[in-house]
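The next block holds one structure in the form of structure tokens; read it before the comments.
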Amino acid sequence: MTGIPQSADIPKDSLISHLELPHPWRAPELARRPDLRARIDWARGFVGRARSDSLLRNGVFSTATQVVNSAFGYVFWLLAAHSYSPATIGLTAAATSTTSIVLMLSCLGVGGMLIQSLPRQDKHTEWSATFWAGMATVTFFAAALCAAGVAVLPLISPELAALRGVGFAAAFAVGTVALTVGTTLDCVFLAERKANYAFTRNFSVGVVKVLLLGLMALAFGPDAVRLLGAWGLAAAVGLGTGVVLLVRHIGVARPPGFSVLIRTARGFRSRVTLHQLIGLGAGLLTYLLPLIVTVRLSASENAYFYTTWMLAALFLVIAPAFSNNLFAEGMHRPEELGALARSAFKIMGAIMVPGLVAILVLGGTMLSAFGHSYSGHAVGLLRLVVLASIPDAVVHVYVGVLRAEARLVAAASLLVGIGIGTVVISWFLLPVIGISAVGYAFLATQLCGCAYVVVDWRRRVSGARAHSGQETR
């Protein structure tokens, strides 16, 4: 009897969409076996094939990285709530929120540029110059923005005067720069199709962060410097882990001369700017929508909104993760970009559909864990946002294609347009229908994004056919 081929028989980096996977209840050779054995054999065959598909492998690792970061972040703040005062937690949360802003402004554009540039460059010449110029750029801007934050934030609010203290400022600066540079290293791993290294690096950050939180509270007593110090040291350990993985498994030459770094940085300015807009377009909603809900409704309504949005965000990280990996794969295999996009759709569908159905059915129960009032106020919003994840997946896959094709203006316009549209529609509808307005706005703009995808794709297909016809003549 012929068994399912093992992973060793599968060509490296073959696409999951090209592989024939017999269903355990349909395959004739499996139907004669007991159901449990058939399913186990089918699962083994699928795992073997999945290991050979770099898009699937890296997409899963990127998604897992987001989940791990969220999980360890939840544990960190939960433990902090039992060990530190609300004032200390609030001050530290303000500092780490500032870090998120610094990270967005410093590394999103450089990270996208590295994914676009590194796969096609010689490892010992151009690759090294691009890598070091990108890292130097990120480090410079992160340090400059840190200094600006330490100088300006205490002037805005007396509550942030702790930033003037040497210990708190040092912990903030070390943590912010380490986290920003480490996130840029994750983009290098993505460019090299090694998302498992990014997962390892982020996992180490989470573990060390939680362990140091307890150790510092026990050894030194709970205060803001210790709490922020645990976070900052964990970021530094994560950066060190990333450097070790980079040197051992990918390799990097010594930095070139200063003039080479400056010349290289000038050469990628326009690409960094466009990738920065793409990243800001994707992250715009997380920072603006809570503010808008508070202004247009109330702080209590924002509590319902923010909790629901963060719950849905665990589901919404899948599409951006696969979009970035499709972008990286497309830079390595541009001739297979269409097949890669179809494969990304299939993989995301297999991952998202069960979760989508579960949230649509059990969304109210999930929200009731935060309190019965959350279910009554926000279940409609949760279902709308989860439904919008379907067109959101279409948009993000197409953005991955656009970035791989170097159509950065189109990608930036698409994501920024969706972000601005969601904010504007929400602004006008919130006083009328409450927090569900954000769900309707998000769904409407994502559907508009899908319409753009269809129109642009058909235009390109028509153009390709016309060009082919002219060549035939």
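Residue numbers in this text run from 1 along the chain shown.
Keep in mind that glycine also has a Cβ here, set from the backbone N, Cα and C atoms.
Model, not experiment: these values are computed from the prediction.
Database features, via TrEMBL:
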TRANSMEM  59-79  transmembrane segment
TRANSMEM  91-115  transmembrane segment
TRANSMEM  127-156  transmembrane segment
TRANSMEM  168-191  transmembrane segment
TRANSMEM  203-222  transmembrane segment
TRANSMEM  228-251  transmembrane segment
TRANSMEM  272-292  transmembrane segment
TRANSMEM  304-327  transmembrane segment
TRANSMEM  347-369  transmembrane segment
TRANSMEM  381-401  transmembrane segment
TRANSMEM  408-429  transmembrane segment
TRANSMEM  435-455  transmembrane segment
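Contact check: the transmembrane segment (59-79) against the transmembrane segment (127-156) gives fewer than three Cβ pairs closer than 8 Å, residues 6 or more apart, which falls short of the contact criterion. Ranked by the number of CB pairs under 8 Å to the transmembrane segment (168-191), the listed stretches 203-222, 228-251, 304-327, 347-369 are led by 228-251. Touching of the transmembrane segment (304-327) and the transmembrane segment (381-401) is concluded from the presence of at least three CB pairs under 8 A, sequence neighbours closer than 6 excluded. If you look at the transmembrane segment (127-156), the same-chain residues 6 or more away from its ends with a CB under 8 A from one of its CBs are 94, 98, 101-103, 105-107, 110, 113-114, 117-118, 121, 163-164, 169, 172-173, 176-177, 180-181, 184, 188, 252-256, 260-261, 264-265, 268, 272.
When Cβ distances are compared across the two stretches, the transmembrane segment (228-251) makes contact with the transmembrane segment (91-115), since 3 or more pairs at least 6 residues apart fall below 8 angstroms. For the transmembrane segment (408-429), the partner stretch with the highest count of Cβ pairs under 8 angstroms, out of 272-292, 347-369, 381-401, 435-455, is 272-292. Listed by sequence, the residues of this chain that lie at least six past the ends of the transmembrane segment (347-369) yet keep a Cβ under 8 A from its Cβ atoms are 16, 55-56, 59, 63, 307-308, 311-312, 315, 318-319, 322, 375, 378-379, 382-383, 386-387, 389-390, 393, 397. Within its own chain, the transmembrane segment (435-455) is flanked in space by residues 285, 289, 293, 297, 301, 304-305, 308-309, 377-378, 380-385, 387-388, 391-392, 394-395, 398, 414, 417-418, 421-423, 425-426, 429, which lie at least six positions past its ends and keep a Cβ under 8 Å from the stretch. Residues 77, 80, 84, 130-131, 134, 137-138, 141-142, 145-146, 149, 153, 159-160, 162-163, 168, 172, 175-176, 179-181, 183-184, 186-188, 190-191, 224, 227-228, 231, 268, 271-280, 283, 287, 324, 327-328, 331, 403 of the same chain sit 6 or more residues outside the transmembrane segment (91-115) yet have a Cβ under 8 Å from a Cβ within it.
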